[in-house]
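Everything on this sheet refers to the single structure shown next.
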Amino acid sequence: MRYGLSAQRSLINVCSRRFFGKDAKEQFLKNLSSIPASKHPRLVSDSDANSAMSVLIPLVTVDGRDSVLLTKRSIHLRSHRGEVCFPGGRMDPGETTTETALRETFEEIGVNAESVEIWGHLKSVIRRQADFNVTPIVGYISDERVLENLVVNSDEVQAVFTIPIDELIKKAGLTKFQSKRMKYTLPSFDSTEFKVHHNAPNEYLHSTQRVWGLSGVMLHQALTLLNPDVYKHDLIVKFF
């Protein structure tokens with residue numbers, strides 16, 4: 001089930017707002033440093049490459065609008081097929097979380113490390129089954145022309161698109177989950193306003209894209225740190 005956030009948020013005018021201004025990185029790091037560094041008690045060891053992953057949350061200004069880049073996984077994959085996510089994957093032995101995120105981004109969509117300015121690490125996110133954790137790395141792509149020369153791995157990625165941050169904030173909502181063992185609520189984001197930079201030939205791309213699950217949790221973290229004066233919430237997320 002999906003529930004909208006408070007009416008107060010829906011009344012906030014965030015159109016045409018700039019989020020990646022001159023002091024954006026410094027403010028982001030200041031907000032990040034104010035968060036307690038404690039880890040989720042169920043997180044697996046960061047040194048276990050078999051159960052540790054990292055992703056890049058790429059920030060980029062497209063057509064004058066500050067945006068977040070996402071990918072849609074190929075429908076031909078065995079797991080999480082067709083889901084919207086950030087580029088990333090499992091850590092190789094000896095890699096740092098940043099190195100993994102940048103390597104996977106290059107392998108999936110062809111954006112090289114030199115094009116990304118790393119802003120910082122968010123709290124690792126744990127999967128409900130507690131079998132692996134994912135560290136989100138926030139990075140800024142200063143030149144949007146990078147998106148004109150994507151080299152997409154069609155075995156893994158169907159589409160690459162960007163969603164303006166003001167659109168994400170306006171469309172933010174909550175999704176309630178219930179299983180035999182637990183109930184929980186996670187942030188989710190439905191967008192009808194996005195720019196497609198790549199889509200595989202003959203593959204259908206829906207007019208609404210939903211960011212939810214772990215990707216929604218990671219996006220929620222990033223928006224909280226980027227725009228705490230606009231993206232206001234009282235949701236306690238149990239997965240980081």
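Cβ from N, Cα, C; glycine included.
These come from Swiss-Prot:
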type	residues	note
DOMAIN	50-190	domain 'Nudix hydrolase'
MOTIF	89-110	motif 'Nudix box'
BINDING	Glu104, Glu108	Mg(2+) binding site
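Mean pLDDT of the predicted structure over the motif 'Nudix box' (89-110): 97. Look at Glu108 (Mg(2+) binding site): DSSP puts it in a helix.
Long-range Cβ neighbours of Glu108 (Mg(2+) binding site) (same chain, at least 6 residues apart, Cβ-Cβ under 8 Å): Thr71, Pro87, Gly89, Val152, Asn153, Glu156, Val157.
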